[in-house]
């Protein structure tokens, strides 16, 4: 699979040769786990295995929960309470599934920001990056529909607000909204559709993950230096790489164990910490909650959605130019989806010839401002749209777009990066000096 020179699987026994000539699945598994991997990967390269664990956890717990769930507006809330009270281990299954979604998004955000910092989106890994963004979009759709299924107050009203965004599309919006809901409002048809799609999408995600893995196995892994593995010969490649098994698998298993220690502590001792108490109240279309908020992992983009009100000058200009077609609501919808889309375009927006942020002094400053901006958007997305939160969300939203659309293209032209090492071997030896038996040495970055 990888373009890096390495030893491929060779069948030895008769049964291995027979199977290999008909279905080379052993060779596929061998090339997957023995892929040459840059030897200088740091601890930010653990999130892939955490994400794989989360996907398996969500599929397994979701299948079992679906056996006991009833997708009907009169029975959904009661069926969830039945799972919690009467199904053996049902409460643990639900808490694992709900908190597993949070771990899934924590890991994917760290995975994305690691890629943004180390330039994992740059050539030749654009396809890997775009497939990763498709996975993220599928995760968001799956999580949103899953949040509706318990049929609590926040489930119902969250679905009403979010699906109402499609109604903001000029001309065809209401038709799309009605088609999506299966009627004029969130009701039984909506719940059935969301349950069916929520069950289906994890398997779509699994297929996209397989393509994602295939893509980065074809190009090889990125690494903290952004320097490519030497591919002139197998001997040269071995100076820059080690096999994924056992070196990085052991490291990933250890990291996963540490992450799961924290995860199971949350599941066991404070399983509702990341949830919302209003969702323990059955959905009531006649009673609107005082403050409607989505799950925490949607809050950054929810903040961007709410930031652009009718009194913002950008919205007023867009409304004037479009002769009233683009109002504040539609502008907010465009901004929310644009904030996600702009991440998919980053391979072409970042014009710097240097891949890794480790060697880009100006880039580091703006990147960490972006990370802080993301945290601020998450926080302000859970607040009321009153002063000063409305101004904070507007400023934070403006910086999000400015980073990708203005700062990155300009930095590529004006920044003077530090020269990266010539090879991965050179970087590895600088951090783990052979003279000290591989002991880590402190090197300024």
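Note that Cβ sites are derived from N, Cα and C of the backbone, with glycine treated the same way.
The heme b b562 binding site feature in Swiss-Prot is assigned to 97, 198. In this view, residue 97 (heme b b562 binding site) is surrounded by 18 other Cβ atoms within 10 Å of its Cβ, with every protein chain counted.
What Swiss-Prot lists as heme b b566 binding site is 111, 212. Reduced to three states, the DSSP call for residue 212 (heme b b566 binding site) is helix.
If you average pLDDT over the topological domain 'Cytoplasmic' (2-49) in this model, you get 93. Among the features that Swiss-Prot reports, topological domain 'Cytoplasmic' is placed at 2-49 (among others).
Secondary structure by DSSP for the topological domain 'Periplasmic' (68-94): 17 helix, 0 strand, 10 coil. Positions annotated as topological domain 'Periplasmic' by Swiss-Prot: 68-94 (among others).
What Swiss-Prot records for 114-129 (among others) is topological domain 'Cytoplasmic'. Beyond its flanks by at least six residues, the topological domain 'Cytoplasmic' (114-129) meets 44-45, 47, 212, 215-216, 219, 222-224, 226, 343-344, 346-347, 350, 352, 354-358, 367, 370 of its own chain at Cβ-Cβ distances under 8 Å.
What Swiss-Prot lists as topological domain 'Periplasmic' is 150-193 (among others).
Helix, strand and coil counts under DSSP for the topological domain 'Cytoplasmic' (217-252) come to 19 helix, 3 strand, 14 coil. The topological domain 'Cytoplasmic' feature in Swiss-Prot is assigned to 217-252 (among others); the stated evidence is a curator's inference.
When the topological domain 'Periplasmic' (271-329) is classified with DSSP, helix, strand and coil residues number 27 helix, 1 strand, 31 coil. Residues or ranges marked as topological domain 'Periplasmic' by Swiss-Prot: 271-329 (among others).
Summarising the annotation, Swiss-Prot assigns topological domain 'Cytoplasmic' to 347-364 (among others).
Taken from Swiss-Prot, the feature topological domain 'Periplasmic' applies to 383-388 (among others).
Residues or ranges marked as topological domain 'Cytoplasmic' by Swiss-Prot: 409-445 (among others).
Sequence-remote contacts of a segment are chain residues at least 6 beyond its ends whose Cβ falls under 8 Å from one of its Cβ atoms, and for the transmembrane segment (50-67) they are 83, 93-94, 96-97, 100-101, 103-104, 107-108, 111, 195, 198-199, 202-203, 205-206, 209, 255-256, 259-260. Summarising the annotation, Swiss-Prot assigns transmembrane segment to 50-67 (among others) and lists a curator's inference as the type of evidence.
Sequence annotations record features per position, and here Swiss-Prot assigns transmembrane segment to 95-113 (among others).
Annotation source Swiss-Prot lists transmembrane segment at 130-149 (among others).
Annotation source Swiss-Prot lists transmembrane segment at 194-216 (among others), citing a curator's inference.
Summarising the annotation, Swiss-Prot assigns transmembrane segment to 253-270 (among others) and lists a curator's inference as the type of evidence. Residues of the same chain lying 6 or more positions beyond the ends of the transmembrane segment (253-270) and with a Cβ under 8 Å from any Cβ of it are 43, 46, 49-50, 53, 92, 95-96, 99, 103, 107.
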For residue 97 (heme b b562 binding site) and residue 111 (heme b b566 binding site), the CA-to-CA distance in whole Å is 21
Rounded to the nearest Å - Cα separation of residue 198 (heme b b562 binding site) and residue 111 (heme b b566 binding site): 23
Same-chain residues at least 6 apart in sequence whose Cβ lies under 8 Å from residue 212 (heme b b566 binding site): 128, 131, 132, 135
Counting only residues at least 6 beyond its ends, the same-chain positions whose CB falls under 8 A of a CB in the transmembrane segment (330-346) are 112, 116, 121, 129-130, 133, 136-137, 140, 165, 168-170, 300-302, 304-308, 314-315, 318-319, 397, 400-401, 404-405, 408
